[in-house]
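Over in Swiss-Prot, the protein carries these features:
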type	residues	note
BINDING	Arg44	O2 binding site
BINDING	His48, Glu54, His92	Fe cation binding site
BINDING	Glu54, Arg96, Glu106	substrate binding site
BINDING	Cys121, Cys124, Cys158, Cys161	divalent metal cation binding site
Amino acid sequence: MLPEPININKWIEENGHLLQPPVNNYCLHRGGFTIMIVGGPNERTDYHINETPEHFHQLKGAMCLKVVDDGEFRDIIINEGDSFLLPGNTPHNPVRFADTIGLVVEQDRPETALDRLRWYCSNCREIVHEAAFHLTDLGTQIKEAILAFDGDKESRTCKKCGTLNYSKPQ
């Protein structure tokens, strides 16, 4: 039997408290693709690299999608009501502000696919650390990788300039 439609606005009213740091997401659907509600604010400095495309739709407020586009760091502002399809293999850091909510759709990963979280030096933009893993649970694995980075001072220290980096903006 098919499930009933979900009223997204009602779901947010009743379940907004489930959107907790550091990722602030809640998976509404899994199977073929994942549909997530993501709230703000978030506090992350990592850039996610997903081999498959990601679709962002901003339901409330605006967000800033920091990307590395052909080697250049730039910001893409996604305003309330806007949708944006991010191509696969694009390093991105979704910056969500307070009292904002978005919907993100991601394709299930092929068994050979690796997701990566990459941290760039806050001072010189060199790659400081990268964690790679086959993603099976968006709700837990990204958080685990962030916490592991945060707990490893050597991984957070830039080999080029010596700057100590953090998993949260300072």
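We count from 1, first residue shown onward.
For all residues, glycine too, the Cβ spot is worked out from N, Cα and C.
Within 10 Å (C-alpha to C-alpha) of Glu106 (substrate binding site) lie the following binding-site residues from Glu54, Cys121, Cys124: Glu54. Its own atom aside, the Cβ of Cys121 (divalent metal cation binding site) has 20 Cβ atoms within 10 angstroms in the protein chains shown. Among the binding-site residues Arg96, Cys121, Cys124, Cys158, Cys161, the residue whose Cα lies closest in space to that of Glu54 (Fe cation binding site) is Arg96. The Cβ of His48 (Fe cation binding site) lies under 8 Å from the Cβ of Pro91, His92, Asn93, Pro94, Asp115, Arg116, Leu117, Arg118, Ile142, each on the same chain and at least six residues away in sequence. Local packing around the binding-site residues Arg44, His92, Arg96 was summarised as the count of other Cβ atoms within 10 Å of each Cβ; on this measure the leading residue is Arg96. Neighbours of the substrate site: apart from Glu54, Arg96, Glu106, residues of the same chain with C-beta atoms within 8 angstroms of the site's C-beta centroid are Met36, Val38, His48, His55, Phe56, Leu86, Pro94, Gly102, Val104, Val105. The Fe cation site, placed at the center of the C-beta atoms of His48, Glu54, His92, has further neighbours from the same chain whose C-beta lies within 8 angstroms: Tyr47, Ile49, Asn50, Leu65, Leu86, Thr90, Pro91, Asn93, Pro94. Nearest neighbour of Arg44 (O2 binding site) by Cα distance, taken over the binding-site residues Arg96, Cys121, Cys124, Cys158: Arg96. If you draw a 10 Å sphere around the CB of Cys124 (divalent metal cation binding site), it holds 12 other CB atoms from the protein chains shown.
Excluding Cys121, Cys124, Cys158, Cys161, which define the divalent metal cation site, the same chain contributes Ser122, Asn123, Arg125, Glu126, Val128, Lys159, Lys160, Gly162, Thr163, Asn165 within 8 Å (Cβ to the Cβ centroid), listed in sequence order.
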